[in-house]
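Q: For reference, Swiss-Prot lists these features for the protein:
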DOMAIN    31-222  domain 'BPL/LPL catalytic'
BINDING   R73, G78, A79, V80, Y81, K136, A140  ATP binding site
BINDING   K136  (R)-lipoate binding site
COILED    293-321  coiled coil
Amino acid sequence: MYLIEPIRNGEYITDGAIALAMQVYVNQHIFLDEDILFPYYCDPKVEIGRFQNTAIEVNQDYIDKHSIQVVRRDTGGGAVYVDKGAVNMCCILEQDTSIYGDFQRFYQPAIKALHTLGATDVIQSGRNDLTLNGKKVSGAAMTLMNNRIYGGYSLLLDVNYEAMDKVLKPNRKKIASKGIKSVRARVGHLREALDEKYRDITIEEFKNLMVTQILGIDDIKEAKRYELTDADWEAIDELADKKYKNWDWNYGKSPKYEYNRSERLSSGTVDITISVEQNRIADCRIYGDFFGQGDIKDVEEALQGTKMTREDLMHQLKQLDIVYYFGNVTVESLVEMILS
């Protein structure tokens, strides 16, 4: 099994979108006639399942405030928050594709490794999770691409659980969506379950311990590596920019949904029903007892096609004389209402 890590010119890359683009690029373009292991850890990131509605999975206000990355992966499953307190063990398996869909076999090397490190109470639970004393410490996903299994799982050493709790609590109200919602589960951490000699390890050390256990080697230096070339990295950068750092992929792929907001503003009650498709406003209707002079249909039409982001909504509404349409109301208050 080859080891590939996000190391570029001697520097460890912690950009989660780059890590994902690297895996996809290798799966599509690099064939070594052996299985490949991609372990990585990254800056705070929410990874969205391929078929999920980003808008209802995350608290966008919290994401914006704390500069947390949102990336949609190519495999299914639920939304997950990871940071430098988690190791993500991804792989390409081509030697035995019968493992596809069999999460028990897929997880076996990880379970064995964790037991060796002292976390003997880690077990597989449900279809694709690992739990420790009833708390989730890992979730897995896989897909079949190019006749190879592409999949992986996270291992929660000790992530920021406050951030995880807040970022995965959507704040939009009254949404009726056709998207698949994540199943919320209590989560735990692995650090406290490790043997005492491992409990103060860094995330880098934990990653290396898992790799050596899975590869059956004594030292990470013994691993058989494939070093990504400059040409590889250029292609990875391009893929990340075009897809995994692209708003249309990460947000615009969300299913259609509708929601309603009604709020008492300074000029009266404003009631707005919005239909969102590809995370842009497809249609909206505005009602209320506010004192405006203009035809509110002008505002409804102006909002059509606008991205559901604070920046785009502010820009679009500032093109209008909001006081003319709503009375003593600010653009900021309308945007806050739409996004609340």
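Each residue's number is its place along the chain shown, starting with 1.
Every residue, even glycine, has its Cβ placed from backbone N, Cα and C.
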Q: Which residues of the same chain, at least 6 past either end of the coiled coil (293-321), have a Cβ under 8 Å from a Cβ in it?
A: 55, 64, 247, 251, 274, 276, 279-286, 331-332, 334-335, 338-339
Q: On a count of neighbouring CB atoms within 10 A, which of the binding-site residues R73, G78, V80, Y81, K136 is highest?
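A: Of R73, G78, V80, Y81, K136, the one with the most crowded Cβ is V80.
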Q: Given the ATP binding site residues R73, G78, A79, V80, Y81, K136, A140 in the record, what is the largest Cα to Cα distance, rounded to whole Å?
A: 21
Q: Over all shown protein chains, what is the count of other CB atoms within 10 A of the CB belonging to A79 (ATP binding site)?
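A: So the number of other Cβ atoms within 10 Å of A79 (ATP binding site) is 24.
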Q: Under a criterion of Cβ-Cβ distance under 8 Å and sequence separation of at least 6, what residues of the same chain contact A140 (ATP binding site)?
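A: Within the chain, A140 (ATP binding site) has Cβ neighbours under 8 Å at G77, F103, F106, Y107, N128, D129, L130, G151, G152, Y153.
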